[in-house]
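Report on the following structure.
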Amino acid sequence: MISLDLEKIDNSWKRELAKAFKNPSELLEYLELDPQVKSEIAGKPLLKSSFPMLVPQFFADLMKPRDINDPLLLQVLPFSEELTERQDFVLQPLDEQDNFIPVANIVHKYQDRLLFLPKGGCAVNCRYCFRRNFPYEQLGASKQEWVEALNYAYQQHISELILSGGDPLMMTDKEFVWLFNQVLERNQTCTTKIDRIRIHSRLPIVLPQRITAQFIEMCQALASYGIKLIWVSHINHPQEISTLLQEKVQNLTKVGVLVLNQSVLLKGINDSVEVLEELSRKLFQAGILPYYLHLLDKVKGSTHFYLDDVQALELYAQLQTKTSGYLIPKLAREEVGKKHKTLYTA
Ligand SMILES: *Cc1c(COP(=O)(O)O)cnc(C)c1O
Ligand code: SF4
């Protein structure tokens, strides 16, 4: 079993998160932008949203000051364009809520793997998030509910458990130890053996401190039991790859964690072949392999980030002429009712 040294628990990331920017004006002031003037110049008045702004200072420090068009800022700042309605942009684009939740905290829509959503909430609120309207309040937060979710997982003969959310790295190290030990125990007694645990998380991009020394030790211990850990980071722009993040990725790779990246193709953020190429190169330098380039899920409030299939395919075709095959992520889209992503080829 894996153990945790309670005396060495490092919760500094939680304190950082508690201090995150929640007020757009304060963030703009921090970036030396005058909210009134700049929003008028950009023609994009700020919006009060039911999906509030949330930006840790670490992420704000990766933004260029005095630039209202900074690609990191545009991902997190609520603009009135979110009010633009389009019939095909809906509250729940993937229909997860009604059709794929067999028990609380589980989304079962893929073959041979399922998603375990331990809790709602993220360290950053991305304006294009496809789960921005997900009913997180319905997630069970007690250990009993997590036990039931795991019971379901082990009845399903899966081999991979995917931790999703919200952001699964919102779980504390103590909760991770509990979860990992649950898997180790059940693997001994059940016919189902989970041999891969995958974490889909953007949290270390905005708060690399989350990858604590104890978390790395836990990953190492898990590997010693033959369970492979995979972290799919969600990096959309090369500017998001900080020095501290690179250090953390190195530490994780050293203990056998495979780090992959999935980006969302976003108009005005990364919809140029130069940015995509630089992103792939910087990811690789940091020890991260480009995995998916995801077409935007049509969630209400995100029309201004949307590129249609023709534009996306054109860009993808250009990217393929620019760099090595292993630096080209798979272009993919999620389609309701399909048990896998739909891949596009140019
Ligand atoms: C696509 C996706 C998955 C499943 O990924 P595969 O690699 O296709 O199995 C899991 N979680 C999220 C958030 C995804 O976008
Ligand atoms: S981190 Fe991921 S789940 Fe959280 S708001 Fe951003 S896109 Fe959504």
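Just so it is clear, glycine is given a Cβ too, placed from its N, Cα and C backbone atoms.
What TrEMBL records for this protein:
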type	residues	note
BINDING	Cys122, Cys126, Cys129	[4Fe-4S] cluster binding site
DOMAIN	108-339	domain 'Radical SAM core'
MOD_RES	Lys341	N6-(pyridoxal phosphate)lysine
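Locations of recorded TrEMBL features on the structure.
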residue : record                         : Cβ within 10 Å
Cys122  : [4Fe-4S] cluster binding site  : 22
Cys126  : [4Fe-4S] cluster binding site  : 21
Cys129  : [4Fe-4S] cluster binding site  : 19
Lys341  : N6-(pyridoxal phosphate)lysine : 16
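Take the mean position of the Cβ atoms of Cys122, Cys126, Cys129, the recorded [4Fe-4S] cluster site; other residues of that chain with a Cβ within 8 Å of it are Val124, Asn125, Arg127, Tyr128, Arg131, Arg132, Asp167, Arg202.
Within the set of recorded positions Cys122, Cys126, Cys129, Lys341, Lys341 have a CB atom less than 6 Å from some atom of ligand 1. Separation of the C-alpha atoms of Cys122 ([4Fe-4S] cluster binding site) and the residue listed as 'N6-(pyridoxal phosphate)lysine': 24 Å, rounded to the nearest whole number. Confidence for the domain 'Radical SAM core' (108-339), expressed as mean pLDDT, is 95. Distance noted between the C-alpha atoms of Lys341 (N6-(pyridoxal phosphate)lysine) and Cys126 ([4Fe-4S] cluster binding site) is 21 Å. Annotation note: Cys122 ([4Fe-4S] cluster binding site) sits in a coil segment as assigned by DSSP.
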